[in-house]
Structures are given as structure tokens and as C-alpha cells.
Amino acid sequence: MGHRWGFLIVFLGAVGLLGSGYGRQQPSETAAQRCFCQVSGYLDDCTCDVETIDRFNNYRLFPRLQKLLESDYFRYYKVNLKRPCPFWNDINQCGRRDCAVKPCQSDEIPDGIKSASYKYSEEANNLIEECEQAERLGAVDESLSEETQKAVLQWTKHDDSSDNFCEADDIQSPDAEYVDLLLNPERYTGYKGPDAWKIWNVIYEENCFKPQTIKRPLNPLASGQGKSEENTFYSWLEGLCVEKRAFYRLISGLHASINVHLSARYLLQDTWLEKKWGHNITEFQQRFDGILTEGEGPRRLKNLYFLYLIELRALSKVVPFFERPDFQLFTGNKVQDAENKMLLLDILHEIKSFPLHFDENSFFAGDKKEANKLKEDFRLHFRNISRIMDCVGCLKCRLWGKLQTQGLGTALKILFSEKLIANMPESGPSYEFHLTRQEIVSLFNAFGRISTSVKELENFRNLLQNIH
């Protein structure tokens, strides 16, 4: 990922709801205090505090989650990185070698993942075994039983349903390829400048419910901004309904998380002998230091924690889907598949035990008609953001941008499907609520990225402790 898709975080309006008090900072403060002194206590619109999240994530969840994400089921992600940008034509492709993505060869992918039936449970796999050679899942063989045809068509309909928050890739396209996420990690790539700024600017300016008259703090594509614009922006933000305010904070948190990754896996040394990746303290400070960012950095970090709570809550709500006996993490290796499902359920039950979950019941409450319209606006705005990922000029940035937006979109889909999840049958096909393998892989990897960001904040806090 790019230097500074990346440096954008210094400029673009990642937001929180606290006012800035950095004009009163004293020179004697440490660098850690300038980045983290206001990243503590309770989060806005939540009943949870930063310290509780740190303890839960760093010591109870993070190690097990990383082990799960290293398994075959979660490391291989099918993606189309050749889809054209739907919004503009002048994309400048990053030519740096670190922007490139190395796709998998066919023989590197487990057979169970390559088969068309990987999306479904073991019971469903048996039902649709005869259709694996169909060009698309919807092309149902007429010789199949009526029950099987119904199941396949229901799944196809579901995958294209209006409940989805993302513009899904056509993974049957010849341009779609499997990528090993462990061999193509999210890190600094050198992608920077106006092309990268443009992506985030379009996201914030056109898809976050913000009128053009309201100026975001530290926007590199706007000039002449000052304290009055910042005050106007936060007055506007605080006046939004909780749903729109949350939407902005989710995008801000995602942006902040990406920048933590880039600072933590920065190219420190590049010689013909080796490349050395590690923590770049200066880059982290440029993005999150309270003085250098005029108070924006700590706000952005708090929004990262807000994003963490939203995705954590979604995982706690979807436990019944994964507990169903016919669900499996199907790769074709029965022993490993069973072990990984046990690990998955262990992680999900740990998440469910978290004492201070976000309460999503405040979302889309009130008048039903207005709530439904707001929910649809929410969904369409996020879906548009997922389409913007096809405009990113750095392929590795595009890969991780698409995965993380799909993961967040899947989390939102789960949060707004509570009744459907509650009504799922204990066994057999679930027609009303379903997750594809793409959604499952993106959901857990996206949360893994946020979990990693929270863990890296502890590392940066320690590194900055003795720096002034």
C-alpha cells in the first residue's frame, strides 16, 4: 500500500467527535503523549473504552486470530484486479515493483477451494456436485432435483441481493485470480501524491453525506483552510444523525487502520542484498501526532477503535451461522478443516464474551419509512465506495482496499440481518441469510487488519515513549 495512501491520513478528513485542544500542548510532552494522550477513555456513541479494547484484543484475541488467518481457507482470496474504474479514465498505474500483486498458480490452490462448491456447506456441496462444471452457478442443470434447483437459485439470488453492501467481483470472470494474502501483505509500496489523494477525496467528499459547503480539515486538494473551517466541520458532524455520523467514522477508522499498517510495515532498507521492513516512527507521527496534524491524528485513532467495535459486534452476531453443523471451512483436507472450524468457533465465542459490545439498536430506529430510506442511502453510499476501489492505481493497494471494504460491507450486512440470522434453520440450506466464501474470507481478514492495527498501536506507543 502506498506511501501515503499513507500520507493522506495527515491531510484527509478522518474524523472523530472531540474538539481539538492541541494549542495548549507543552513542548515537554513525549511523542507518545502527543499521539495517544487523547486516545483513551470512552469512545463517542459507545459504552466501551479504549483500554478495554486494548486488553481484549492484544492478549486474548490477536494471537488466535492470526493463526486462523494463516490457514488455507483464509489466505487465498479470489479477486479481479483488472476491472475498469467506473468513474474516470485517467488512472496512472503505479509501476513500482512493490505495487505489484503476484497471483497464485492453479496448482497452488487447494482443490476444495478451487471447486465451485466451496461456497457452501458440506450438505450443500453434495446437493450441487453435479453443477460444478456449469459456467455460472445460476445455470442450473435441468436434470437436477427440484429441491437442488431451488437451493442453487436461492443462493444465486442471495449473492446478488439488495442486502449486500458491496459491489461484488464476478469471481467467475477470466480476469479473476486467486491471491495468497500471506505472500502479498499490506505494507508501504511508494504509491503517493495526487492520484492517491484523489481516491480518498472522492470517498469523503461524495460518499459520506457531506455537503460541498462544509470543508474537511487538512484536505490536500483544498487551499486556504483554517481553524474556522475545522470548527464548522465538527459542528456539522455533531449535528448529524447517529447513522450518518457513524458512517463517516467507519470510513475514517478504515483510513486510519490502513495508515497504521503502512507505518508499521515500512520499507526501511532496500538494497540488492535484502529489503528490510519495519516500524517507521516518523511516518506514524506525521499521520497521528496531535501537533503535526493539528489535533486530527488522535481523532482518527479513536475512529479506528470505533471501527473495531462495529466489526467485533458483527462477528458476535453471526455466531449461529458458523455454529451450524453442516458449515465447514472446506478446503478438501478434512482434518485441518475440522481443526480450523474449532479454532474459528473458539475465536467467535471469545468475541461473544466481550463485555462492552456496541449497541446497534440505535441505528435506523424511529419512523419505519424514514429508517428504511436512511438504511438504503447508507447501503448505496458504501456500495459506491467499494466501486471506487477499482480506481486505485496501485494493484496491491487495490487488493487490500477491495478486501477491506468487502469485509466491512459484510459486517454491516450482518448487523442489519439480525432477524434473518435468528430464523435460520439449525441444519440444511439457509435461504434467507447466507455468506459466500468471499464474504467470509474478507470479513475475517478485514477484522484481522483492524486487530493488527490495534496491536501495532501498542508497539508504537512503546517506541515513542522516550522520544520528545
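Using N, Cα and C of the backbone, Cβ positions are placed for all residues, glycine too.
Among Trp197, Trp200, only Trp200 appears in Swiss-Prot as part of the FAD site alongside Arg187, Thr189, Ser252, His255, Arg287, Arg300.
Looking up Cys85 in Swiss-Prot gives a disulphide bond to a cysteine among Cys241, Cys391, Cys394, identified as Cys391. Each residue contributes its Cα atom, and for Cys241 (disulfide bond) and Ser252 (FAD binding site) these two points are 17 Å apart. Under the DSSP three-state reduction, Cys85 (disulfide bond) is assigned to coil, being neither helix nor strand. Nearest neighbour of Cys94 (disulfide bond) by Cα distance, taken over the binding-site residues Arg187, Thr189, His255: Thr189. Sorted by the number of other CB atoms within 10 A, the recorded positions Ser106, Ser252 start with Ser106, the lowest. Among the recorded positions Cys35, Cys37, Cys99, Asn280, Asn384, Cys397, the ones whose Cα sits within 10 Å of the Cα of Arg287 (FAD binding site) are Cys35.
Taking the Cα of Asn280 (N-linked glycosylation site) as the reference point, the closest of the recorded positions Cys35, Cys99, Asn384, Cys391 is Cys35. Cα-Cα distances to Cys397 (disulfide bond) place Cys99, Thr189 within 10 Å, out of the recorded positions Cys99, Cys104, Thr189, Trp200, His255. The highest number of surrounding Cβ atoms within 10 Å, among the disulfide-bonded residues Cys85, Cys94, is found at Cys94.
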